[in-house]
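Colleague: Take a look at the following structure, please.
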Amino acid sequence: MHFSIFLLLWGWVLSTECRAHRQGKEIHEVYKKGSRPQRQRREAHGEGHKQGSPILKRSPDITKSPLTKSEQLLRIDDHDFSMRPGFGGPAIPVGVDVQVESLDSISEVDMDFTMTLYLRHYWKDERLSFPSTNNQSMTFDGRLVKKIWVPDMFFVHSKRSFIHDTTTDNVMLRVQPDGKVLYSLRVTVTAMCNMDFSRFPLDTQTCSLEIESYAYTEDDLMLYWKNGNDSLKTDERISLSQFLIQEFHTTTKLAFYSSTGWYNRLYINFTLRRHIFFFLLQTYFPATLMVMLSWVSFWIDRRAVPARVPLGITTVLTMSTIITGVNVSMPRVSYIKAVDIYLWVSFVFVFLSVLEYAAVNYLTTVQERKERKLRDKLPCACSLPQPRPMMMDGSYNDGDVNELGHYMSENGDKQDRMMVQLALGSERGSGRRKNQRYVSMRIDTHAIDKYSRIIFPGAYILFNLIYWSIFS
C-alpha cells in the first residue's frame, strides 16, 4: 500500500515538471517574437547614425592598400624624371614667391648678410597628374622630391646656405590632380653684399639676394615672380639693431655667361639705413669733447708746463684710441669714410693745440734768453730797474721811454711786453743834445693764447656746420 502511494506521488511530480517546462518554452518564444521588431528598429537607427557621422564617412585610407601607393598613383616608375617637363618644347614656366622670415645679421667687416626665408616654386608637370574624384591635392615630404624633377635653383654670390632639418627636412611637395606642383622649402642663406662706406656711419646700403637656375637657360626654364612685386612677403617684426629696413622689392633680369648662355635671374632687393645715435654716443660726442678739452690749455698760464703738457698729450692719445676703435670694426677699405674725416680733423685740432703751446713756450724761452744777453752787455751800474708803477697800465709807446735801461712789463690779461733801450753815448753838457743809439726788441707771447681762444673754437664750429650739412 505504501509502495502504491509512493508511485502516485512520483508520477504527479514528473507530470508537473513537464508542464512547467513546456510553459517556459512557450513564454521564451513569445518574448523572442516580440523583441525582434525592437532590435530591428535599433539596428536601423544605428545604421542611420553611422551614415550621418562625418568621422565614419571618412574615405578609406589608401596607404593601407598595396595597389594605391603614391609612387604607383603618380606613376613615378613610368616616366624619366631626369628630364624637365616638356623636354624639346618651349621653356617651362616656373613661378617663384618668397616669404622672408628673418634678416639675421649684417656684417660690415665681411660685407655680407644672413637671411632666413621660405622659397616656393610653382610649375606644371603632366607626368605627375593622377585621377581624382574629389579634386584634392596630395602633399608629400622631402622623400618624394628625390624621385621627381624639381627646379635646380641656387643663390648667386652666396657664401653659405642650408635647408633646415629640425625635426625633419623642412621641405614640402604638393601635387594637384592636373599635375600642378608646389615645392616649398625653408632656407637660411648668407650672401655677399657690396657696401659703400664713403658716407659711414651716415650711409644707406642696398643689398640683393639673387636666385637663378644652375643648369637650365632661358630656352629651357622661364623663371619669373609669380605675383610680381606681391610675390615677396616679409614679417613685420623683422628688425636690426644698427639698421632701419626701409624697403623690400623684387626685380627680374637676364644674366649672361660666355660659355653657357642667358639665364633668368630673380632679385630680392632691400634697402637699409644705419641708425646714427649709437655712433653719436660712441664716436662723435667723445671726439668733440676731446677737442673742447684741448682748448682748456689756452686759459692756463704759459709758465705752468706740468699742467699744459699732460693735458695736450692726454687729448692726443684719447683721439688715437677713438680712431683705432672705430677702424677695428670696419673693413680695410682704400677710401676715406665720413667718420674718418671727422675724427682726423678733430685729431688735427687737438694736435694743433699742442703745437700752439710748443710755439708759446719756445717764444717765451727765446725772449728770456735775449733778455739775459742784453743784461749781460750792460754795465753793472746800469742794471735794468723794476717797472715803474705808472707803466703798469700798458698805455705807452716808444716815446715814453727816454731814460737808459727803462724796462716796462704788463701782467694779467694785458699783453706782455719788453722794451729794452740801450743808450750809448755821453753827455757833454746840460744844454747839448744827447747822441743816443737805440736797440729795441718787442716780443708778444701772450697774444698767441688770446687769439687761439677765438680762432680754434670758431674754426671747429665752422667745420661742424660744413660736415653735417654735407653728410646728414
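Even glycines carry a Cβ here, placed using N, Cα and C.
When I checked TrEMBL for this same protein, it listed these features:
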type: COMPBIAS; residues: 40-50; note: compositional bias 'Basic and acidic residues'
type: DOMAIN; residues: 76-275; note: domain 'Neurotransmitter-gated ion-channel ligand-binding'
type: DOMAIN; residues: 283-391; note: domain 'Neurotransmitter-gated ion-channel transmembrane'
type: REGION; residues: 31-63; note: region 'Disordered'
type: SIGNAL; residues: 1-20; note: signal peptide
type: TRANSMEM; residues: 276-299; note: transmembrane segment
type: TRANSMEM; residues: 311-329; note: transmembrane segment
type: TRANSMEM; residues: 341-363; note: transmembrane segment
type: TRANSMEM; residues: 451-470; note: transmembrane segment
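So where do these features actually land, and what's packed around them?
Modeller: Confidence for the domain 'Neurotransmitter-gated ion-channel ligand-binding' (76-275), expressed as mean pLDDT, is 92.
Long-range Cβ contacts of the transmembrane segment (311-329) within its own chain (Cβ-Cβ under 8 Å, at least 6 residues beyond either end) map to 108-109, 283, 286-287, 290-291, 293-294, 296-297, 300, 339-340, 343-344, 346-347, 350-351, 353-354, 357.
Only residues 6 or more beyond the boundaries of the transmembrane segment (341-363), in the same chain, are considered here, and those with a CB under 8 A from a CB of the stretch are 283-284, 287-288, 290-291, 294-295, 297-298, 302, 305, 308-309, 312-313, 315-316, 319-320, 322-323, 326, 443, 445, 448-449, 452, 456, 459-460, 463, 467.
Residues 291, 295, 298-299, 341-342, 345-346, 349, 352-353, 356 of the same chain lie 6+ residues outside the transmembrane segment (451-470) yet bring a C-beta within less than 8 angstroms of a C-beta in it.
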Colleague: For the domain 'Neurotransmitter-gated ion-channel transmembrane' (283-391), give the DSSP counts of helix residues, strand residues and coil residues.
Modeller: 87 helix, 0 strand, 22 coil
